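Below is one structure; the comments refer to it alone.
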Amino acid sequence: MRTLWIVAVLLLGVEGSLVQFETLIMKIAGRSGLLWYSAYGCYCGWGGHGLPQDATDRCCFVHDCCYGKATDCNPKTVSYTYSEENGEIVCGGDNPCGTQICECDKAAAICFRDNIPSYSNKYWLFLPKNCRGDPEPC
């Protein structure tokens, strides 16, 4: 519970992508990113190391890689534009960085939705000391 409060307080001052990422997760996966994915496995949340623990954690690993490939921008703070067309999220706008980040967030939200069956409570609040091994490169 303490971790949830810390994350909530941190997000109060955050603008841009992290808040938008939460919104996309809710729209696409039907779950709160903050409640379900902010402290899950080895990669969901701040940082990450070791091997992803399951398919859900792998979504976060791939998302981290996607953010790492974003050029000339700060993925956690840049705002982006998207629309909904025929039930699909369409990233767009005049900001190439924002579009890149939107695509990363959209892909992660779809991955979360598609891997809901893999979600395991044993990886919620998973201790970093349990994250072992060398992950494959991005």
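Just so it is clear, glycine is given a Cβ too, placed from its N, Cα and C backbone atoms.
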Candidate in C91, C97, C102 joined to C73 through a disulfide, as Swiss-Prot lists it: C97
Per Swiss-Prot: Ca(2+) is bound by Y43, G45, G47, and from D54, D64 the site also lists D64
The residue that Swiss-Prot pairs with C60 in a disulfide, chosen from C42, C44, C66, is C44
Among C104, C111, C131, find the residue that Swiss-Prot gives as the disulfide bond partner of C66. C104
Of the recorded positions G47, D64, D105, which sits closest to C91 (disulfide bond) by Cα distance? D105
In this structure, the one of the recorded positions D64, D105 whose CB has the fewest other CB atoms within 10 Å is D64
Quick one: pull the CA-CA distance for H63 (active site) versus C104 (disulfide bond), whole Å only. 6
List the residues of the same chain that sit at least 6 positions away from Y43 (Ca(2+) binding site) in sequence and have their Cβ under 8 Å from its Cβ, in sequence order, or write 'none'. P52, D57, R58, C60, F61, H63, D64
